[in-house]
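*Asks:* These came from Swiss-Prot, pasted as-is:
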- 202: active site (ACT_SITE)
- 257: active site (ACT_SITE)
- 406: active site (ACT_SITE)
- 96, 145, 148, 196, 205, 261, 307, 405, 429, 436, 437, 470: N-acetyl-D-glucosamine binding site (BINDING)
- 408, 425, 451: Zn(2+) binding site (BINDING)
- 134: O-linked glycosylation site (CARBOHYD)
- 1-25: signal peptide (SIGNAL)
């Protein structure tokens with residue numbers, strides 16, 4: 001009964017999101033919304049052009065040709081009209097060949113554009129006759145992601161059809177439509193486009209959100225089926241899913257695939273808006289790319305996330321999504337990101353010419369708040385100490401849901417960068433092991449063991465990977481001791497309904513916040529329950545992160561990580577992981593990780609306070625032959641020649657394990673960040689109160705509930721030391737608390753808010769008591 005009620009609630013939520021989609025848009029008067037097969041969608045207006053621009057935008061085309069900021073784009077397109085030289089044509093034409101657009105398709109697109117401006121019938125007719133035969137006869141040999149090339153070819157045909165519409169003869173319209181349907185049936189998503197997934201996968205890229213949508217709009221008057229099918233699936237599945245996660249201001253496909261996946265979301269935005277439907281997306285879409293802004297390292301690289309490869313010779317840019325989002329939302333921060341590398345790929349240059357806002361200014365991120373939170377369904381936090389070369393960057397993750405595909409099983413993971421990658425995501429997407437479904441990818445790189453998270457090792461646990469796509473298919477992946485593989489055999493959800501009804505929930509955000517100044521916070525806090533990320537081998541797993549901006553040139557930052565891990569069997573061994581590039585040094589309860597190569601000079605020193613020294617085993621694993629070690633097997637993945645010069649895929653990890661078998665264990669680790677030449681760090685003291693455990697470090701006092709449960713009763717502890725301390729007390733019941741020091745009222749009423757359950761105040765040494 002509870003399960004049925006839960007599924008009913010999911011159905012209502014999804015249907016409500018479909019219903020409210022129209023509420024985001026400002027539809028033009030000649031665009032009406034209709035219900036088609038149970039899906040509400042905007043209908044293309046009875047006018048041409050309506051694809052990528054309307055009649056009111058046509059007069060501006062000549063101005064854009066003379067715009068100084070678009071002159072190079074126009075010159076590039078003129079040059080792109082030249083055919084490929086035979087010697088330059090590869091033997092196997094994959095999508096990259098077609099995306100490096102040249103020749104016929106560019107010529108006819110520019111003819112169609114010229115026709116819009118001049119209305120010269122000869123030009124319009126030439127565009128039509130130049131492309132129609134090729135549309136009918138073109139063949140595409142199977143090759144990597146060839147649907148992208150087929151779809152781009154369809155886009156060219158759609159441009160000619162829509163922009164030269166009044167020059168088309170009735171029989172030519174029929175020929176175009178038949179050719180489009182023929183090509184659509186070659187696409188990976190099929191025609192009707194019902195194959196693959198709408199949240200992740202190739203059907204969440206060009207095929208539906210640009211290619212079929214474009215053709216459907218162009219030919220709607222003569223053949224409404226294609227638009228109804230493509231737009232029907234888009235509004236029922238693609239849009240609903242995105243409007244569900246967009247309010248979090250983040251994306252789920254990692255820092256490489258963010259580029260292509262989000263670009264196509266934005267193509268759908270522009271296509272429908274220019275058609276006249278307005279913005280159908282949740283306005284949170286504007287802020288998705290801010291994640292990349294916050295993860296931008298001082299060396300120009302991006303903090304790793306999801307399926308990525310490394311090369312310091314090639315900084316990571318988000319040219320097209322930054323252009324599309326920046327110009328649409330008039331966002332100067334995004335335009336600044338675009339201008340880092342304004343070299344748009346050939347197949348998108350026409351869209352830069354049509355859509356780029358050349359009057360938009362640019363703005364550095366220097367005045368943005370230093371911490372950024374991404375809420376449900378993610379639960380991610382980024383904390384920085386600044387925007388310059390001395391900046392520390394820390395990432396903290398809960399992962400309320402696992403979207404799979406290019407997202408990893410990394411609930412509870414963290415990363416730290418300072419003058420080089422210190423606490424890293426290990427492994428890499430491609431290399432000597434292969435690609436998406438390589439042994440390295442599915443047994444190490446995508447798995448919890450490759451991240452700074454927690455393992456609970458049940459030697460009998462199995463991990464079904466029978467649904468995981470790609471070559472090198474296996475029914476099972478290695479037992480890494482980590483988080484379960486959601487879905488049936490690790491297959492991603494098709495749509496939002498399947499995601500919410502399935503087993504893709506992996507965590508819950510328990511608390512988050514930063515302050516006391518939101519612009520330059522002293523602390524940044526995130527806590528999550530990630531029990532659901534694991535199988536029944538665990539009863540409870542909670543992790544708290546607290547990042548401290550120490551505002552000290554010598555030791556600029558620290559991060560405290562507190563964990564509660566309860567296994568279903570006390571014999572299941574627990575592991576606290578810390579990954580690095582260079583070999584760590586272990587002395588007692590201290591772990592030192594340095595960057596000494598490739599121009600890097602940062603250092604991380606971790607002090608393990610829990611488990612107690614007598615119950616703590618700290619070891620390192622790594623070096624050639626054990627760099628990607630998974631309980632007896634090394635999943636080697638050497639970089640391709642000329643890539644990963646700094647070995648950012650890593651080679652070492654530290655494991656902290658309790659010596660004594662127990663169902664319940666706690667970890668408390670204090671990480672200080674400094675230059676690798678810094679000799680003196682802050683003393684780290686553990687605080688033990690009657691209901692709390694915590695850390696005294698520099699001028700900071702931080703506490704957590706000893707049991708990781710909410711503290712709702714009076715408690716206390718003592719502080720010894722000189723000067724004034726800044727206190728951050730977490731895990732408190734929201735509401736008013738009174739603070740006593742040495743038996744006297746220090747603060748008669750301090751409020752712990754509901755979102756973070758934390759108190760922040762200042763005080764000196766003494767005995768503190770906290771009352772409700």
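Each Cβ is built from the backbone N, Cα and C atoms, and glycine gets one as well.
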*Asks:* Max Cα distance spanning 96, 145, 148, 196, 205, 261, 307, 405, 429, 436, 437, 470 (N-acetyl-D-glucosamine binders), Å?
*Replies:* 22
*Asks:* Taking Cα atoms as reference points, which of the recorded positions 134, 148, 307, 429, 437 is nearest to residue 408 (Zn(2+) binding site)?
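*Replies:* Comparing Cα positions, the candidate nearest residue 408 (Zn(2+) binding site) turns out to be 307.
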*Asks:* Considering the recorded positions 96, 406, 408, which residue's Cβ sits among the greatest number of other Cβ atoms within 10 Å?
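*Replies:* For the recorded positions 96, 406, 408, the Cβ with the most other Cβ atoms within 10 Å is 408.
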*Asks:* Of 134, 202, 406, 451, which recorded positions come within 10 Å of residue 148 (N-acetyl-D-glucosamine binding site), going by C-alpha to C-alpha distance?
*Replies:* 202
*Asks:* Sequence gap of 6 or more, C-beta under 8 Å: which same-chain residues meet both conditions with respect to residue 307 (N-acetyl-D-glucosamine binding site)?
*Replies:* 254, 256, 257, 406, 408, 429, 436, 441, 445, 446
*Asks:* Can you tell which of the recorded positions 134, 202, 451 lies nearest to residue 96 (N-acetyl-D-glucosamine binding site) in space, using Cα positions?
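*Replies:* Spatially nearest to residue 96 (N-acetyl-D-glucosamine binding site) by Cα position is 202.
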*Asks:* By Cβ count within 10 Å, point out the most packed of the recorded positions listed: 148, 202, 451.
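*Replies:* The most densely surrounded of these recorded positions is 451.
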*Asks:* Using C-alpha atoms only, work out the spacing between the residue listed as 'O-linked glycosylation site' and residue 451 (Zn(2+) binding site) and round it to an integer in Å.
*Replies:* 50
*Asks:* Let me know the DSSP-derived helix, strand or coil state of residue 437 (N-acetyl-D-glucosamine binding site), please.
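*Replies:* Its secondary structure by DSSP: coil.
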*Asks:* Whole-number Å distance between the CA of residue 205 (N-acetyl-D-glucosamine binding site) and the CA of residue 425 (Zn(2+) binding site)?
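*Replies:* Residue 205 (N-acetyl-D-glucosamine binding site) and residue 425 (Zn(2+) binding site) have their Cα atoms 26 Å apart.
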*Asks:* Look at each of the recorded positions, 257, 429, and point out the one with the fewest other Cβ atoms around it within 10 Å.
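*Replies:* Sparsest of the recorded positions 257, 429 by Cβ contacts within 10 Å: 257.
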*Asks:* To test your reading of the Zn(2+) site: which residues beyond 408, 425, 451, same chain only, put their Cβ within 8 Å of the Cβ centroid of those residues?
*Replies:* 304, 305, 306, 409, 410, 413, 426, 427, 445, 446, 448, 450, 452, 453
*Asks:* Which chain-mates of residue 425 (Zn(2+) binding site) that are at least 6 residues away have a CB under 8 A from its CB, listed by sequence?
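*Replies:* The list for residue 425 (Zn(2+) binding site) reads 304, 305, 308, 408, 410, 413, 415, 450, 451, 452, 579, 650, given in order along the sequence.
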*Asks:* Taking the Cβ of residue 437 (N-acetyl-D-glucosamine binding site) as reference, which residues of that chain separated by at least 6 in sequence fall under 8 Å from it?
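*Replies:* The list for residue 437 (N-acetyl-D-glucosamine binding site) reads 468, 469, 470, 471, 472, 473, given in order along the sequence.
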*Asks:* For a quick check of packing: other C-beta atoms within 10 Å of the C-beta of residue 134 (O-linked glycosylation site), how many?
*Replies:* 15
